[in-house]
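Colleague: Pulled these from TrEMBL:
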| type | residues | note |
| --- | --- | --- |
| TRANSMEM | 9-28 | transmembrane segment |
| TRANSMEM | 153-174 | transmembrane segment |
| TRANSMEM | 181-201 | transmembrane segment |
| TRANSMEM | 233-254 | transmembrane segment |
| TRANSMEM | 275-298 | transmembrane segment |
| TRANSMEM | 385-405 | transmembrane segment |
| TRANSMEM | 426-448 | transmembrane segment |
| TRANSMEM | 488-507 | transmembrane segment |
| TRANSMEM | 527-547 | transmembrane segment |
| TRANSMEM | 567-600 | transmembrane segment |
């Protein structure tokens, strides 16, 4: 304990500064504490007291120590002037009657707020205490969070490892269970719709017997009231019945295309199994994206703003630490001054000529907005190029699998590395062009959001409607360009042509097979959604039972740690599992899209003859009723 052995309470010089400590800027600067001096005291103040102007010329010993006000910081000499101790924040400028609690001196709620500089007239004691409690809670919570992570980090890593294994097994086992799994999911959707129809019918019967009609309710903005009328449930019943009928018709008339989609999913699972390195390529994309973001963040925070700010003329003004002190009332504060000139003769304590900023009248400042737009465009362009690189590399690797006539003998030894080198060497410009088109649309969306945010308060309903239409159109355009770019990169990886030609060929190929595109897309989305649900839900349930101590009998080395907030490692595990599953399934989705385009090209280019044999699997040939005249392996593609 040392010198503070008999001083169990902590006194805050200015508790009202705690009110300002709850914003992010202050927390980043001062940490999770009130930005005011604090001192350990043996007892809390019992009466209200404020330093008077007449006391400024006296010493600390006369004003504080002689009156038994031992509330200055340790080591303050008794012969120091009170004015100097206040300027250096060595002694408090006021005291409030306080009560000790939680080891601190809390002022009474009915205390009078002193009239001093820096304390607003609207400030209350309750606000200061609330700010102090918020800072104490923030510090306490942050310490507990750190302790929880320190005690459970290795178990979180185990949960992430389980998520990785589950994601990998799900992708690899699709070659065996894709068909039954898709069938179960489709039957499940039909069952949910059927139950919805049954439920709506029962509700409609009950309300019909009661005579509850929409004519009795009329029009109301309370939408929950429409649940008590029969027409609502009748409309819902009709909609669900139509959806059920459409789904059944699709299953009947599109069963052949669903079989093709399932066969392509199995083939994609085989391709991933042959090239396991592709499953971990998202790590490369993540590292490249991280480097780009860090680079542009450093550029935005230091070199560009510094150059722009210092390109103008520096401006200096007079400044005083406390203009309410004697002889400071008539000081020309915030007026221009020359730092190289002789100091101004003034009796105001602490008056000095300080730097204020740079004038924004230079040539560069007038183009500041344009330069900022260029910086944002560069960030979007770089990020989109990195994503395009990953898509093209994966497409090249999976295309080499499909166009291998005899699998796995004809698959390249290092397909992913070869595709990476080939993409960087030959297709960098095409990827950059596609990324630029997407970046321009995204910049347009950002500018539109900025304009909407600025004029939101002054908009009328018509203007808001027009703005929403523009935002919706740009959102749809961005989605379409992402879809087009993705397929264009696949065609680039297959044929090596430029972006425009590849995009045109991909779009025409997809439009000629639009039904197959829709069926495969929806079947794949349904399957991958179930996979994410399985991985994330499994890891979440396992984490919940483990961290809450509901799994017993695992032994001493596998006991759950004692945690303050057990939900913290659970949510961390769930979030990590979702990221891992998304990364794995994004690779699988790219594999499916690549094999699908290769399959369509195979159908249109080849006819099964010795000169142009099919490269698709035997399962696909069987579904389509086609066959190669030459046994596989006897004829190589030219």
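Backbone N, Cα and C define each Cβ position, glycine as well.
Curation plays no part in TrEMBL annotations; they are all automatic predictions.
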Colleague: Near the transmembrane segment (527-547), which residues from the same chain, at least 6 beyond its ends, have a CB less than 8 A from one of its CBs?
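Modeller: Apart from its flanks, the transmembrane segment (527-547) reaches 152, 155, 159, 162-163, 166-167, 170-171, 174, 178, 181-182, 185, 265, 560-561, 563, 566, 569-570, 573-574, 577-578, 580-582, 585, 588-589.
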Colleague: Given a Cβ distance threshold of under 8 angstroms, which distant residues of the chain, six or more beyond its ends, lie next to the transmembrane segment (567-600)?
Modeller: 145, 148-149, 152, 155-156, 159-160, 162-164, 166-168, 171, 264-265, 267-269, 271-272, 278-279, 281-283, 286, 391, 394-395, 398-399, 401-403, 486-487, 490-491, 493-494, 506, 509-510, 512-513, 516-517, 520, 524, 528, 531-532, 535-536, 539-540, 543-544, 547, 615-616, 620
Colleague: Do any residues of this chain, six or more beyond the ends of the transmembrane segment (488-507), have a C-beta under 8 angstroms from a C-beta of it, and if so which?
Modeller: 388, 391-393, 395-396, 399, 403, 419, 423, 426-427, 429-431, 433-434, 593-594, 597-598, 601
Colleague: Can you tell me which of 181-201, 275-298, 426-448 gets the most C-beta pairs within less than 8 Å of the transmembrane segment (233-254)?
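Modeller: Stretch with the highest Cβ contact count: 181-201.
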